[in-house]
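Let me begin by presenting the structure, written as structure tokens, before commenting on it.
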Amino acid sequence: MWTGWWLWPLVAVCTADQFRDNAVRLMQSTPVIDGHNDLPWQLLKRFNNQLQDPRANLTSLNGTHTNIPKLKAGFVGAQFWSAYTPCDTQNKDSVKRTLEQIDVIQRMCQLYPETFLCVTDSAGIQQAFQEGKVASLVGVEGGHSIDSSLGVLRALYHLGMRYLTLTHSCNTPWADNWLVDTGEDEAQSQGLSSFGQSVVKEMNRLGVIIDLAHVSVATMEAALQLSKAPVIFSHSSAYSVCRHRRNVPDHVLQLVKQTGSLVMVNFYNDYVSCKAEANLSQVADHLDYIKKVAGAGAVGFGGDYDGVSRLPSGLEDVSKYPDLVAELLRRQWTEEEVRGALAENLLRVFKAVEQASDHKQAPGEEPIPLGQLEASCRTNYGYSGAPSLHLQPGTLLASLVTLLLSLCLL
């Protein structure tokens, strides 16, 4: 009897090791696709995006949640890198700043070709898996980055953007952010304005994943109901587990289930436990809850590494993913469910977005009304001279007659 008692700790250790061994085995063939990492923002803050700076060497970078050895230890096989610029750039230099962050992501791939493979589609992710590299994709974090322009949206797509978060923690002129739900911001669009609906439709047409992290509940509902393709929450958790407005409420999780969409769980302590402290088990609680409400196909990982100041014990950096997967296995997740959360759910959503795209369809052209824009740092070219599509026929004809007279054609 006493001999058995002394063996209990050994049995527990062996069992724990078995779960982690199984996690590693699974991740060797199905590495994790993480929905959101802010390493590019750290490269801007620390080194002004100068990757040749010896201190910025990603094989030995210190003081960040992410570097190349940590990515390899964590079996990260694909990463949506955040091209983020803060809300105070809105109506100023947000487009320039976004372009610079896309550029630094692309230069990461050029400087470390043995580690990173910049890709723009689901097939590229699978190619990177086969080559043992980290598929690197661009996620633009905040609708203010397109400066309320469908033309800029299209240009960012052509530069590699494959998801756009409709807002950051600020309203755009066409979509509301999560602070509306706390009362700290006032609703401007009641979810999505008419132009916001045009943005969603153009993203569907192009094949850009719609990301609803950071948006208000009304914006979540509007986008989920309007989009022809599944959407993602690239770094959000479950509101019923932690009642923080950055998390996803149950009725929206039902819409996620109905639309085949995806919630990629955020690891930030404040969203995990609603406290300054959190642990790995509490992150698993969010994964369990989303699986329970929306189904195993609705679960993914969006750690928000290098974008947050506090992380759970046991998930201190990107190398810790196998420990979280081991916890899911301990909680009797099936291997199929784990592979889904690791990668297959995101690949399914990405493929559905690609299939719903239609580049033969005419692109959206109607601009946002000038009156909805803050005018202090912008010109009004196009608005003052171009006839509106909403003019009455008689008014439009009069405008054409005036134009033809000026050209001496009448």
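Every residue number used here counts from 1 along the chain in the order it is shown.
Every residue gets a Cβ built from N, Cα and C, even glycine.
Quick look at what Swiss-Prot annotates:
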BINDING   H36, D38, E141  Zn(2+) 1 binding site
BINDING   E141, H214, H235  Zn(2+) 2 binding site
BINDING   H168, R246, D304  substrate binding site
DISULFID  C87-C170  disulfide bond
DISULFID  C242-C274  disulfide bond
CARBOHYD  N57  N-linked glycosylation site
CARBOHYD  N62  N-linked glycosylation site
CARBOHYD  N279  N-linked glycosylation site
LIPID     S384  GPI-anchor amidated serine
SIGNAL    1-16  signal peptide
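On the structure: features taken from Swiss-Prot.
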| residue | record | DSSP (3 states) |
| --- | --- | --- |
| H36 | Zn(2+) 1 binding site | strand |
| N57 | N-linked glycosylation site | coil |
| N62 | N-linked glycosylation site | coil |
| C87 | disulfide bond | helix |
| E141 | Zn(2+) 1 binding site | strand |
| H168 | substrate binding site | strand |
| H214 | Zn(2+) 2 binding site | coil |
| N279 | N-linked glycosylation site | strand |
| D304 | substrate binding site | coil |
For N279 (N-linked glycosylation site), identify the closest of the recorded positions N62, C87, E141, H168, judging by Cα separation.
N62
Return the single residue from the binding-site residues list (E141, D304) that has the minimum number of other CB atoms within 10 Å.
D304
Between D304 (substrate binding site) and C242 (disulfide bond), what C-alpha distance do you get in Å?
17
Integer Cα-Cα distance in angstrom, S384 (GPI-anchor amidated serine) to H168 (substrate binding site):
31
Top Cα neighbour of R246 (substrate binding site) in the set of recorded positions D38, N62, C274
C274
Cβ atoms within 10 Å, counted per site: which of H36, H168, H214, R246 has the most, among these binding-site residues?
H36
Residue, out of the disulfide-bonded residues C87, C170, C242, C274, whose Cβ gathers the largest set of other Cβ atoms within 10 Å:
C242
Distance [Cα-Cα, Å, rounded] between N57 (N-linked glycosylation site) and H214 (Zn(2+) 2 binding site):
31
Which of N62, N279, S384 (the recorded positions) has the most other Cβ atoms within 10 Å?
N279
If we count other C-beta atoms within 10 Å, could you say which of the recorded positions D38, N57, H235 has the fewest?
N57
For H235 (Zn(2+) 2 binding site), which of the listed recorded positions (H36, N62, C87, H168, C274) have their CA atom within 10 A of its CA?
H36
Any idea what the Cα distance is from D38 (Zn(2+) 1 binding site) over to C274 (disulfide bond), rounded to a whole Å?
21
Within 8 Å of the Cβ centre of H168, R246, D304, which other residues of the chain have their Cβ, at the recorded substrate site?
E141, S169, A213, H214, H235, S236, N266, Y268, G307
